[in-house]
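Feature annotation from Swiss-Prot assigns region 'Homomultimerization' to 16-24; the stated evidence is similarity to another entry. If you look up Swiss-Prot, you'll see 22-34 marked as compositional bias 'Polar residues'. Per Swiss-Prot, the feature region 'Disordered' maps to 22-41, 81-100. According to Swiss-Prot, the motif 'Nuclear localization signal and RNA-binding (RRE)' annotation covers 35-49. Per Swiss-Prot, motif 'Nuclear export signal and binding to XPO1' is recorded for 71-82.
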Amino acid sequence: MTERADEEGLQRKLRLIRLLHQTNPYPQGPGTASQRRNRRRRWRQRWRQILALADRIYTFPDPPADPPLDRTIQHLQELTIQDLPDPPTHPPESQRLAEA
């Protein structure tokens, strides 16, 4: 089952990367040479950002199989409450002097 989950996770990552690539088509259209050059420059800049983002998506590790909540619950179950000592029957000397 983990192989299937790994494969589904990889397919999901690849679909996301493909979607990112499809959202940035190569610039087409009329205009002066400087307008076309600027459109291509902006496109290359977006393309580099998409490649960096795709690399981060692809290399980002999957969450651990053991959810942190389960580990936290196990840790909490191991905790015990210690018996507290009985409170003193007489107030300390400093409090008695302050009251007088």
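Residue numbers in this text run from 1 along the chain shown.
From the backbone N, Cα and C atoms, a Cβ is placed for every residue, glycine too.
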Problem set entry | Within the region 'Homomultimerization' (16-24), residues counted as helix, strand or coil by DSSP | 7 helix, 0 strand, 2 coil
Problem set entry | Per-region confidence, the region 'Homomultimerization' (16-24) (mean pLDDT, whole number) | 82
